[in-house]
Amino acid sequence: MKRKNLLWACVLTALFIFKFTVFYVSADLPLIGIGYPFTMVFFGMLAYCIFSARKSSARKKWVQYLLLDAVVSIVMFIDLYYNTYYDQLPVLGLLSLISMMQKMQGGTVEELFDISFLLMVADLPLILALLIKKVDFSIPKVRWMPIVSVSLSGLLLFSIFTNTQWDIPTAMQHSELFTYHARDVKNFLTGYKTVEAQEVLADGRVAEYVQTSIQKSPYHGIAKERNLILVQMESIQDFVIGASYNGQEIAPNLTALLGNDTIYFDHYYQQIGKGGTSDAEFASLNSLLPVMYGQSYTLFQDDSFYGLPWLLRDQGYETAAMHGYIADFWNRNQAYPVQGFQHFYSEKDYTLTRENKVGWSIGDEDFFQQSISYMKQLSKPFFSFLITLTSHCPYDITEMYNGITLAPEHQDTWFGNYLNSVHYTDAAIGKFIETLKKEGLYEDSILVFYGDHFGLMSSEPECNALMSEFLGYKYDYDQMMNIPLLIHIPGSGVSLTRSVAGGQIDLMPTLLDLMGYSDHVRMALGSNLLTKESGFVASQAYMLKGSFFTDEVAFEMARDGIFENSRAWNTKTHEEIQDLEPFRWLSEESAKLADFSAALLKENVLAQFTDAK
């Protein structure tokens, strides 16, 4: 090879090795294993095929290489952008959500951007310059290269299409750039069907996973015929309950409910998919896990549901959903009627002014107060579902609403801003409860407050450092995904804290027990948290599919999909657990539950459990 060609070969090789290394490190994908080296070797093989073509002109070679590098670079750029918030790589099924980005407020998209993302496209100007100058660069033919090409391509194709659990194809599917996206294209074209779930459906073993009756607790029916006021709190994590910052209570009003006719679940976890807040609603209302290849409200708006809204309607309740943002965000305007809501009050139904706009839209305080006027119009008993918004990232509420005095080192940080956002929402909840009392809507209601998902990412270095300092131990997924669930039943005399591990699919069965409608459930994947002796929560987002929580253990499936490379830790002592083998069957159950729920939705098996409405 000529010295000049050798120089360009070294430059290009160094560039793509650097770029792929930055990508794998930033995306938290393993450098040790088959994925990382395969990506570099496969890309190098493609580059070799381009520059070793003898009949191609210099310009044609550079055009082909520019296109190859541009496509791969843009894919990696998008991957890193998405991974920053979701701790996972995106899928094609999320393309439908792109239109939502223009509706996002508060600088969320900008806040997630990191300058390091530009490294994914930093080499494109150089390649373009080489193209314009028509630099003559060619690589001599290598006799054994066809064997390498066939071998690499064969391994790639096998990993894309196989469903075996062998380590190499499994690692390729989870942690190799080309395989992951090629397999996703295949899954997208085939409708994201899983072999395991299809076998369950074909064998008629649905009853193994689905509950059609709920075990009754000693508290069965204590909230019967009461109004249900269900409040989903934006980005509220459990650590704020009972916690103080420099002597200032973070959430005094929620904390005040403890020991005051309230059942508090302190080991309650989010179970969202790719649909964020809307998936929290979906899981909570239907006792179903959302899918990981799109947003469930959009994908399954034609399915037959019989969740909490439909069930309570059949018991004489009038149902209404209330949210102070755009009606079609998360496709709520189309999804809510299918879910069973008779009314949906969105941003257009609220009086939004410059003074009461806080963050994305109407502040939680005014949202609650104006929502009460709509509740008063509903026939009793009613089910009112309220979704708050002010405590949404990036937590940049107006300074006048900052109720917590921050230390200098916490000012202008997500951690500090988050504390003030939560404090504001908590104050709004306190005023909400007081107004309910004044309007005569308090005593005859059951008030439920739960978080939709985390607020502070454990994988974000600054958040992790500040939260670890605040907690006094390492901030990990168990704290990040732990959200509060408080069920307040005025005058019931029932006050207790349940530490059994539960998730959002357990909310509906638990509420139906308290409201006396356990026998009316048609289908649920969750359990009654008031009767469970030990908890189990399947996770598939942030911690990958196959991950789970129990009462004392958090298990995170490895990023390469290989069980032996996973990790587990004790959620009470925060110590790592070395022997993973006892958790294998639980990991398999977690993955099966996620696959099965997806199959139920994809095939609309729900229709078998619901009457025509």
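Placement of Cβ uses the backbone N, Cα and C atoms for every residue, glycine included.
Among the features that TrEMBL reports, transmembrane segment is placed at 7-25 (among others).
Residues 12-13, 16-17, 20-21, 24-25, 61, 64-65, 68, 72, 137-139, 142, 145, 148-149, 152, 155-156, 168, 171-172, 174-179, 560, 565 of the same chain lie 6 or more positions beyond the ends of the transmembrane segment (31-51) yet place their CB under 8 Å from a CB of it. Residues or ranges marked as transmembrane segment by TrEMBL: 31-51 (among others).
Per TrEMBL, transmembrane segment is recorded for 63-82 (among others).
Listed by sequence, the residues of this chain that lie at least six past the ends of the transmembrane segment (112-132) yet keep a Cβ under 8 A from its Cβ atoms are 8, 15-16, 18-19, 22-23, 26, 59, 62-63, 65-66, 69-70, 73-74, 76-77, 80-81, 84-85. Summarising the annotation, TrEMBL assigns transmembrane segment to 112-132 (among others).
Residues or ranges marked as transmembrane segment in TrEMBL: 144-162 (among others).
As annotated by TrEMBL, domain 'Sulfatase N-terminal' applies to 226-517.
Neighbour list (His453 (Mn(2+) binding site), Cβ cut-off 8 Å, at least 6 residues apart, same chain): Ser235, Gln270, Ile272, Gly276, Thr277, Ala280, Met481, Ile483. If you look up TrEMBL, you'll see Glu234, Thr277, Asp452, His453 marked as Mn(2+) binding site.
Residues annotated as active site in TrEMBL: Thr277. Thr277 (Mn(2+) binding site) carries a helical DSSP state (H, G or I).
Annotation source TrEMBL lists substrate binding site at His392.
Through the fold, the transmembrane segment (63-82) approaches residues 16, 19, 23, 26-27, 43, 46-47, 50-51, 56, 88-90, 94, 112-114, 116-117, 120-121, 123-124, 127-128, 131, 177, 181 of its own chain, all at least 6 residues removed from its boundaries and within a Cβ separation under 8 Å. Comparing Asp452 (Mn(2+) binding site) with His392 (substrate binding site), their Cα atoms are 11 Å apart once rounded. For the pair His392 (substrate binding site) and Glu234 (Mn(2+) binding site), the C-alpha distance works out to 6 angstrom.
Shown in sequence order, Thr277, Ile387, Thr388, Leu389, Thr390, Ser391, His392, Thr425, Asp452 are the residues of the chain, 6+ apart in sequence, with a C-beta less than 8 angstroms from the C-beta of Glu234 (Mn(2+) binding site). Sequence-ordered, the extra residues of this chain that approach the Mn(2+) site, with Cβ no more than 8 Å from the Cβ center of Glu234, Thr277, Asp452, His453, are Gln232, Met233, Ser235, Ile236, Ile272, Gly276, Ala280, Ile387, His392, Gly451.
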